[in-house]
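As recorded in TrEMBL, the features of this protein are as follows:
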TRANSMEM  77-95  transmembrane segment
TRANSMEM  123-142  transmembrane segment
TRANSMEM  154-174  transmembrane segment
TRANSMEM  180-200  transmembrane segment
TRANSMEM  207-224  transmembrane segment
Amino acid sequence: MGYRCIQCGFPIKTLYLQYSPGNIRLMKCENCKAVADEYIECEITIIIIDLILHKPKAYRHLLYNVINQETLKFQGLLWKLAAIFLLFDAYRYLILESSKSKSSSSMSYSSLVSMCCKMMMDVFFGNFIFLLTFFFMVKIFLHISLSVSRCNGILLGLLISCYFKIFLIAMMVWEFPSSVMFIIELFCLSSNAVALKVMTESSMSQCVWTCFSAYAIKFVFIQAHELMLLWKFMQAGSLFNVYDVYAASMRML
């Protein structure tokens, strides 16, 4: 990914010319004749506000002109962001489970094992299904040819655009209703759609449907697996009950 004009997305060679330390001249885009990247001279607060407002030019600045495969250790950054994403997802699951089990003061061994299994399924397999669906929709629905470098670039944009998950940290300090999780996921979905639009130059409606399909398939997969786990634990519990009755009857004999 080379540098891009944040206004029209046209590739450019350089963003500015530096004459001396602190003395630079911003380059103009050859396509739209506007300043290629005005965010270079802006404070980071303005960039964060524009990212929250879902302005495509802010996403182009971040994904193309700040995070560049040619100037950064791309693979290391990708692995770090993936680890942070999975940690936030695991913390989100633990918050949801703790809100469900507030009434019970103690947790049995079987419920603890069940929660760990469901968390692993939610965090790892759920996100695996999400990525499979996402890239399948990108290839089929958006008609984008996917190479290894292109997949890495889109995956990096997807992880970065989930920055709304950082608001989960606030739930360590303040108590929020579980509906806040839905709001955070909704913001992540919309942010993913903007990042996908910027990186593929597709229409916004197509990108929204692509991201929504991936989120929906992940949700259905997790719910189906939780029902299967619940059914297995109920079967195991009924078997233990049968064994207890049999043992009691044998003791009476």
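Every residue number used here counts from 1 along the chain in the order it is shown.
Glycine is no exception: its Cβ is also placed from the backbone N, Cα and C atoms.
Annotations in TrEMBL come from automatic prediction, not curation.
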Can you tell me which parts of the same chain pack against the transmembrane segment (123-142), counting only residues 6+ beyond its ends and a CB-CB cutoff under 8 A? 85-86, 89-90, 93, 151, 154-155, 158, 196, 200, 202, 206-207, 209-211, 213-215, 217-218, 221-222, 225
Who are the chain neighbours of the transmembrane segment (154-174) in space, where the CB to CB distance is under 8 Å and they lie at least 6 residues beyond its ends? 51, 59, 62-63, 67, 74, 77-78, 81-82, 85, 88-89, 91-92, 95, 131, 134-135, 138, 146, 180, 184, 187-188, 191-192, 194-196, 198-200
Within the same chain, where does the transmembrane segment (77-95) have neighbours whose Cβ lies under 8 angstroms from its own Cβ atoms, ignoring anything closer than 6 residues to its ends? I mean 6 or more beyond. 67, 118-119, 122-124, 127, 152, 155-156, 159-160, 162, 165-166, 168, 171, 178, 181, 184
